[in-house]
Every structure is written in structure tokens, then in C-alpha cells.
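As written in Swiss-Prot, here are the features:
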REGION    1-155  region 'GAF domain'
DNA_BIND  203-222  DNA-binding region
MOD_RES   SER215  phosphoserine
Amino acid sequence: MNLLQKTRKINAMLQKAAGKPVNFKEMAETLCEVIEANVFVVSRRGKLLGFAIKQSIENERMKRMLEERQFPEEYTKKLFNITETSPNIDINSEYTAFPVENRDLFKTGLTTIVPINGGGERLGTLILSRLDREFNDDDLILAEYGATVVGMEILREKAEEIEEEARSKAVVQMAISSLSYSELEAIEHIFEELEGTEGLLVASKIADRVGITRSVIVNALRKLESAGVIESRSLGMKGTYIKVLNDKFLTELEKLKSS
């Protein structure tokens, strides 16, 4: 395959995604095929987002790293020193992707490191490794193209996370604002009693201790449940099982109590 055909192969993989999230494993496999190298897509914290192996490396530490999907912390931190594509790093470098304890087995091992940037910040690193053959300009063009695609995908995921967090917070705030003063007081006592995100409570006991009617507690729980903030289930004489579904709820409740 020439460079154009290889680029088209990456494009075909992207078009197949058709607006859906790009699978980092598929991206790594496509780059592995067109560049003919081992490919590792690593997050800024060393998490292995995707990888594909062209030449198997028989080393226990490497096998464990792939199973755990986590690069060593020290190595991950060092990667931040590389701010532009660094091709054909040999086995003696601290940046080599080959196991240094087996240098003799991988004397011809070469590593190429491509920073993944986006939105003005470092998002991760694309690491390529292979034996015997140097990475040429065509390989580097494909690697940098791949790193750009991965960077855009990481940014999209981050934007979705921020959006989801804002949505969760808004739902909680609306649910809490729908509670009357006595219902809010009841909810505060309920979650003091639970001491966590789920558990059993006996509504009548709380009602007696706080000095409110049981119906106030029932109404408060119903409002939170209809908003999707909690789920509750009656267990008869044992009481009511409650579980928090929205992780922003307890934080917002704590803010109200301390304000």
C-alpha cells in the first residue's frame, strides 16, 4: 500500500464510525496495519486506551501492563518531556517502549513517540514500536494523522462528560427546589441516617424523632424518585430501601446544610 491507500484505510475506519465515538482499539489496530508496528494509545495518566500488537514481545512485565491496561507512572511522566514527534528512539533510551531488562533480545528495537494534543493541552501519547526497520516519513505522517484523530476524540469525550455533569447537577437542583421546607428537612435527616449512598430506613421512626408526619417523608422521597435522583423500594416491616442514583445529590444536599 502507498501513503494514499493507507490514509484512505484510516479514513474508512473513521467513516465507519459515522458520528459515533471512535473506538481507540480499532484506531490502534488500523494504525498497526498501515504502519506495521506495535501501537499504544496512552492517556495523560498512563491508561492504555487502545493497543494493537504486530510483533509479540515475550516479557512478563509487558504482558501484565497490557492486561492491566496501565503504563508505569514514571514512564508516563517522562513522556511529557517529548513535545513533538520523536522517531526511531533506540533501545538504550529511557523512552524506549521495549523492556529494558531484555535489551539483548531487542537490540534493533525502535520506538516512535507522537504527542497527542488538543484544546491547547497535552491529552496523551501515541507510541509506536517495531524491530529491524526504521520509521520513515510516510509512517510519521500516518502516526501524526492518527494522533490528531485520537486527540479530537478525547476532546469530544471530555466535552460530553462536562455536559453530563452539568445536566446531573441541574436535575438535582431542580429536584431539591421542588421540596417544601418540611420535606427538605425530612430528606436531610434521612440521609444523615443512611450515612452513604444506599441503605434501609424506617420512615415512622424518623418521623417520630424529627416531629413530622410520615406522609411528608413519603412525598419527599416520591419527588426525588420521580426526578431520577434516587430509587426507593418498600420492604414491608423492614422499612424502605433507598439508593442514590445521581452522584451530585449528596454534594448538593451537603452544600444546603452548610449554607
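Here the Cβ of each residue, glycine as well, is placed from N, Cα and C on the backbone.
Within the chain, the DNA-binding region (203-222) has long-range Cβ neighbours (under 8 A, six or more residues past its boundaries) at 179-180, 182-187, 189-190, 193, 230, 232, 239-240, 242. When the DNA-binding region (203-222) is classified with DSSP, helix, strand and coil residues number 17 helix, 0 strand, 3 coil. A mean pLDDT of 87 is what the model gives for the DNA-binding region (203-222). Of all Cβ atoms in the protein chains displayed, 10 besides its own lie within 10 Å of the Cβ of the residue listed as 'phosphoserine'.
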